[in-house]
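One structure is given below, encoded as structure tokens.
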Amino acid sequence: MTVPVAVEDLLRELAPQVLGTLVRRHGAFDACEDAVQEALLAAAVQWPEEGLPENARGWLLTVATRRLTDQWRSERARRDREAAVALREVPAGEDGPGEDRPGDRDDTLTLLFLCCHPALTASSQVALTLRAVGGLTTAQIARAFLVPEATMAQRISRAKQRIKSAGARFAPPPPAERDERLRAVLQVLYLIFNEGYTASSGPDLQRADLTAEAIRLARAVHGLLPGDGEVTGLLALMLLTDARRPARTGADGLLVPLSEQDRTRWDAASIAEGTGLITDALTWSPPGPYQVQAAIAAVHAEAARPGDTDWPQILALYRLLSHLAPNPMITLNEAVALAMVHGPRAGLGLLKTLEGDERLSEHHRLAAVRAHLLEQAGDTAAARDAYREAARGTTSLPEQRYLEARIARLDGEDTMETTTRTLDVPGASLHYEVRGSGPVLLLICGGIYDAAGYAGLAGLLADRYTVVTYDRRGNSRSPLAGPPGQQDVAVHADDASRLLGEVADGPAFVFGNSSGAQIALDLAARHPEQVRAVVAHEPPLLGLLPDADHWETVISDVERAYQEGGVGPAMGVFGAAMGMAGGEGEAEEAGVAHEAGEGGRPSPEMLEMFARFEKNTDFFIGYEVPGFGRHVPDVEALRGSPVAITVAVGERSAGEPPHRAGLALAERLGKPAETYPGDHGGFGAEAPAFAAGLAKAFVS
Amino acid sequence: MKYMLLIFNRPGFVEELTEQERQELFGEVGEIMKEITERGELVVTEALADPSTTRVVRRKDGLPAVTDGPFVEAKEHLAGYLTVDCDSLERAVEIASRWPDVRFGGRMEVRPVMHHAGSEM
């Protein structure tokens with residue numbers, strides 16, 4: 001049956017009025033409700049064929065009253081009442097269309113109170129409201145909730161029986177109960193709205209009509225109670241949420257998160273109306289949960305781009321909401337806002353308070369938010385686990401598809417292609433690797449490390465940068481052209497410069513650790529045109545330390561030990577002098593623990609890498625330590641450099657020589673050192689947090 | 001929220017019951033069915049024929065191959081299912097707990113039914 005839209009709209013507008021009148025006259029809400037439903041069905045068949053009656057409301061009232069009479073007539077036991085009803089039958093002309101009937105308006109509200117009676121379950125409240133106030137047929141409601149019509153008919157009939165046996169009368173609730181009953185009505189309307197809104201994707205598109213119905217009913221209640229801030233808030237919330245509907249699913253039907261929605265597709269008229277309503281309400285009404293949620297939706301709506309979102313404001317509003325109506329779902333949202341303002345770790349901290357919370361019925365939501373924040377924090381492995389947990393826990397197919405897509409995306413980042421190339425430089429041939437896309441970020445390793453030791457960090461940054469890593473000359477896969485000789489930081493900086501010349505079109509971001517940090521700084525001093533910003537992590541500029549003389553002695557001792565006994569004794573002298581808890585060796589192990597993954601067993605590639613590191617040790621102690629250990633940076637050039645230079649030190653390496661040297665350099669540059677996670681080897685052991693720190697440093 | 005209640009029991013166990021036990025069993029099922037129908041919770045229910053009438057489809061040599069159902073007596077089989085639409089998991093579990101097959105050594109599984117509604121995260 002197809003009913004013209006105009007007819008259907010009129011019927012649904014008149015339905016609660018006719019029902020209200022009928023119930024006031026005859027009592028017996030359940031029988032009247034059935035009679036009105038039959039009158040509506042009759043109208044839906046006849047009006048499109050025969051044209052609208054002159055007095056549509058009177059027509060419905062007459063037909064409904066006849067049905068009521070028929071119904072009672074058929075029940076022998078009600079004979080007496082039948083006569084009474086027949087006498088009171090309303091002639092069609094009694095109600096003129098232009099007549100003012102203030103009773104109708106109150107009837108709609110009274111009906112809503114009745115349909116949302118506390119004796120009913122939520123699903124019954126929803127069904128009854130849609131039929132008695134919304135004027136939808138049982139078949140329409142059944143379709144919207146994807147159950148057989150018989151099931152829905154039973155649910156509605158039982159709801160009416162319960163109302164009857166609860167002794168509810170067709171009258172406004174007593175003043176003492178009114179606020180609570182109104183809250184129940186608003187909750188039912190919001191439930192109807194969400195049923196429609198969340199269904200507005202995939203094969204359930206028809207259910208989306210429920211959002212329109214909920215908005216229509218909320219508008220009606222707002223018209224009746226314009227001075228109620230929460231009613232206004234609910235209407236505003238619905239309008240502002242519904243405005244996003246065109247953008248919430250992609251062309252492939254996949255859910256699009258708020259931060260990735262095409263905001264030009266948001267409905268500007270709905271946003272304007274919703275924002276106007278809530279802005280006004282907040283000036284005269286004490287804030288309530290719907291108003292605060294509407295205000296949050298309005299703050300989102302006013303940001304033309306996700307980056308423009310006023311997150312501190314949203315965080316403040318969620319805190320207010322938590323205070324007004326404490327609820328774990330609100331805490332989840334608060335954690336997201338907190339992460340946007342104070343970083344993902346802060347958000348994850350708040351999530352911890354929800355673990356084991358019995359009130360959180362949908363645990364997959366906690367897992368989904370945790371996954372999202374872990375991904376932001378760069379902890380890919382843990383994010384993947386949490387996404388999996390969420391995907392398994394949800395009963396929503398679109399949400400499951402979305403979560404599985406996120407997992408696939410993380411997997412894709414892991415298996416991101418790495419291009420391996422060679423660059424010939426004077427006196428050596430450099431092995432280098434390129435990953436990802438975006439502005440060029442050069443990672444310069446220190447000590448015995450090579451490109452493979454930075455694979456973890458590089459992988460984490462490859463979604464935003466073209467990450468370049470390389471084996472420094474004389475190490476691993478970058479052989480020297482001739483026999484090894486004493487190494488000079490300037491030559492290594494020249495290698496880095498040539499490498500950037502090969503891979504970058506403009507100035508690049510550069511990170512260096514340990515001796516790699518010395519190279520990064522020298523590169524910035526000599527070739528500022530090639531470098532946008534440098535993060536130099538714990539450069540062992542021993543000459544800057546107050547006990548520089550002691551270090552000169554150490555270096556001489558190392559040289560002598562190497563000449564006399566080779567790598568073993570020389571490393572012994574060096575290690576004893578440095579006295580580092582997280583020295584190169586231990587940092588490696590920490591890196592392995594992070595990267596080896598399940599079972600903690602290193603892969604064959606990793607074993608090869610360690611074999612290379614072992615070989616590099618000879619070159620490091622014999623040919624690099626003297627030159628790098630005595631290297632003095634060009635502080636003047638660095639101070640006046642247009643390159644943004646950040647000196648970084650480890651959170652857990654305080655007191656160690658490279659950490660102290662970093663602080664000494666920072667002081668000379670007149671800019672405090674930044675603290676990075678972990679110790680001297682934090683880039684490996686704390687790769688995710690470290691990557692997040694770098695990305696942040698390079699943005700600002 | 002929709003849940004599917006899967007009924008597992010031992011094939012043929014009803015034949016071994018006394019007439020009175022059988023009457024009780026069917027009576028209890030009838031009572032539950034009446035209740036969930038009247039409450040508007042029942043979406044659909046089906047009983048499945050004896051496992052010996054099963055056709056099994058498997059891939060063999062790259063093609064689907066059909067064999068007749070298991071001739072070896074199965075200890076347990078899926079005897080039927082019902083889908084209910086109710087307000088909570090607790091309610092669905094309550095219905096399952098009252099299913100008489102459980103008393104006779106069978107078991108019920110309550111599984112949420114996936115739906116197409118979803119909120120953007």
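Heads up, residue numbers simply count up from 1 along the chain you see.
Placement of Cβ uses the backbone N, Cα and C atoms for every residue, glycine included.
Taken from TrEMBL, the feature domain 'RNA polymerase sigma-70 region 2' applies to A:10-76. Summarising model confidence by region, the domain 'RNA polymerase sigma-70 region 2' (A:10-76) averages a pLDDT of 87.
What TrEMBL lists as domain 'RNA polymerase sigma factor 70 region 4 type 2' is A:112-163. For the domain 'RNA polymerase sigma factor 70 region 4 type 2' (A:112-163), DSSP puts the residue distribution at 38 helix, 0 strand, 14 coil.
The annotation domain 'DUF6596' is assigned in TrEMBL to A:181-281.
Residue counts for the domain 'AB hydrolase-1' (A:441-550) under DSSP (helix as H, G, I; strand as E, B; rest coil) come to 47 helix, 23 strand, 40 coil. As annotated by TrEMBL, domain 'AB hydrolase-1' applies to A:441-550.
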Looking only at the domain 'DUF6596' (A:181-281), what are its DSSP counts of helix, strand and coil residues?
78 helix, 2 strand, 21 coil
